[in-house]
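J.: Copied straight from TrEMBL:
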{"type": "ACT_SITE", "residues": "68", "note": "active site, proton acceptor"}
{"type": "BINDING", "residues": "69, 74, 76, 78, 90", "note": "Ca(2+) 1 binding site"}
{"type": "BINDING", "residues": "163", "note": "substrate binding site"}
{"type": "BINDING", "residues": "193", "note": "heme b binding site"}
{"type": "BINDING", "residues": "194, 246, 248, 253", "note": "Ca(2+) 2 binding site"}
{"type": "DISULFID", "residues": "37-116", "note": "disulfide bond"}
{"type": "DISULFID", "residues": "70-75", "note": "disulfide bond"}
{"type": "DISULFID", "residues": "122-317", "note": "disulfide bond"}
{"type": "DISULFID", "residues": "200-232", "note": "disulfide bond"}
{"type": "DOMAIN", "residues": "27-321", "note": "domain 'Plant heme peroxidase family profile'"}
{"type": "SITE", "residues": "64", "note": "site 'Transition state stabilizer'"}
């Protein structure tokens, strides 16, 4: 593993530098569609709202999809592209197999193509849908800078660059730094885990055969660990078994941070945020103030979602023009 790390780091850094340079050319703007498609945002919001009424897991799915898009080649909608017979796209890479709700982006795109053809990029639709997912779940709202272009490249192999739920704090800091994101961005954006659900495979390492001396991760609160073992036994065969990421999985709040301080986090990567003094101080700050968390989250979301690098406005979000 170690032998392969450095080329991977250099490659990721190169990608980030390339995206940063592209971003200087394709500057984003909050009023980008004011003249060309003034009802773009309200159209997307209405599609997200409708989907949420039918499926309460949609907000978490859209937010995660946006994160996974931005961390590979920037926020260019490459996660939306379909695989072909000869080529496996990002959405079919191991970390993305559980992504869902792509139909929400398709529905928004269809509505926008009818209103303003060839105007609104799929990458912008996803960024706006992720914002709506947060707002409609009781979280903050913000002006999303727009003008992203859609990418033409999507490789399943590149999903290895996504931060894994088993990452320790140094791996997380490195992954975020390669994308120009700070330690505060890391802790604030991890708060996205206030929404959603995790499958057993993502946290099995903490509740069975943790190490040679302990079966369970000692940082897990004991009764919480026992409850996770009940839903995810060692030889789990239930395909959809797992646990909510916090106790209010459809509400965007700061409960995630409160539970983190109690030893009730789901992923190793979540737990790692309290293993460093600097990140633990931020966790404590966000746990004690929902307002501070929301302010930091908005700032970090705008920063992350502004890493762009596409070339076109796709007519169909699943295929290049």
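Placed from the backbone N, Cα and C atoms, the Cβ positions cover glycine too.
Remember, TrEMBL labels are computer predictions, not curated facts.
These figures come from a predicted structure and were not determined experimentally.
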J.: I'd like to know which of these disulfide-bonded residues, 75, 116, 122, 200, 232, is least surrounded, judged by other CB atoms within 10 A.
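T.: Counting other Cβ atoms within 10 Å of each of the disulfide-bonded residues 75, 116, 122, 200, 232 gives the minimum at 116.
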J.: Of the binding-site residues listed here (74, 76, 90, 193), which is spatially closest to residue 64 (site 'Transition state stabilizer') when Cα positions are compared?
T.: 193
J.: Of the recorded positions 193, 232, 248, which one has its Cα closest to the Cα of residue 76 (Ca(2+) 1 binding site)?
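T.: Looking at Cα distances from residue 76 (Ca(2+) 1 binding site), the smallest one goes to 193.
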J.: Among 69, 74, 116, 317, these being the recorded positions, pick the one whose CA is nearest to that of residue 248 (Ca(2+) 2 binding site).
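T.: It is 69, whose Cα lies nearest.
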J.: Can you name the residues of this chain that are 6 or more positions from residue 163 (substrate binding site) yet have a C-beta less than 8 Å from its C-beta?
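T.: Looking at Cβ-Cβ distances below 8 Å from residue 163 (substrate binding site), excluding near sequence neighbours, one finds 71, 171, 172, 175, 176, 269.
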J.: Filter the recorded positions 78, 90, 232, 246 down to those whose C-alpha lies within 10 angstroms of the C-alpha of residue 122 (disulfide bond); answer none if the list is empty.
T.: 78
J.: Checking your reading of the structure: which of the recorded positions 37, 70, 116, 200, 246, 317 lie inside a 10 Å Cα sphere centred on residue 90 (Ca(2+) 1 binding site)?
T.: none
J.: Find the shortest Cα-Cα separation between residue 74 (Ca(2+) 1 binding site) and the recorded positions 68, 116, 193, 200, and name the residue that gives it.
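T.: Sorting the recorded positions by distance from residue 74 (Ca(2+) 1 binding site), the top entry is 68.
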J.: For the domain 'Plant heme peroxidase family profile' (27-321), what's the model's average pLDDT?
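T.: That region's mean pLDDT is 96.
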J.: Quick one: of the binding-site residues 69, 78, 194, 246, 253, which has its CA closest to the CA of residue 317 (disulfide bond)?
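T.: Comparing Cα positions, the closest of these binding-site residues turns out to be 78.
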J.: Count the other Cβ atoms sitting within 10 Å of the Cβ of residue 37 (disulfide bond), across every protein chain shown.
T.: 18
J.: Work through the binding-site residues one by one (194, 248) and point out the residue whose CB has the fewest other CB atoms within 10 angstroms.
T.: 248
